[in-house]
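In what follows, a single structure is set out as structure tokens and then discussed.
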């Protein structure tokens with residue numbers, strides 16, 4: 001039963017991460033798995049589950065605060081290209097994404113579809 005609960009939790013973490021950020025699902029899954037594993041280990045060793053939950057919540061608040069302080073706005077076409085290139089692992093894809101975003105604007109929608117034609 002615990003394995004199924006853990007699997008559902010990790011699945012939900014990955015889905016939520018993908019919905020909110022669109023990236024980072026592997027990192028979120030690894031972190032969730034570590035939290036579950038260490039949480040169960042600590043509870044088995046006698047830790048108070050509610051105290052453990054409160055500690056995790058405080059840690060999440062602190063990490064979120066630290067990340068928000070170090071976050072930088074991505075505003076220029078070059079910054080968008082660089083960010084997209086890192087995410088895609090390919091500079092040419094980063095440039096294409098930046099060009100598409102430049103054309104549609106911040107509120108625009110970009111649709112990506114599979115094609116059998118090379119280069120399109």
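Note that Cβ sites are derived from N, Cα and C of the backbone, with glycine treated the same way.
For reference, Swiss-Prot has these:
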BINDING   23, 24, 25, 26, 27  ATP binding site
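Positions of the features from Swiss-Prot, shown on the structure.
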| residue | record | contacts (Cβ under 8 Å, 6+ apart) |
| --- | --- | --- |
| 23 | ATP binding site | 17, 87 |
| 24 | ATP binding site | 17 |
| 25 | ATP binding site | 14, 17, 18 |
| 26 | ATP binding site | none |
| 27 | ATP binding site | none |
8 Å Cβ shell about 23, 24, 25, 26, 27 centroid, ATP site members excluded: 14, 17, 18, 21, 28, 29
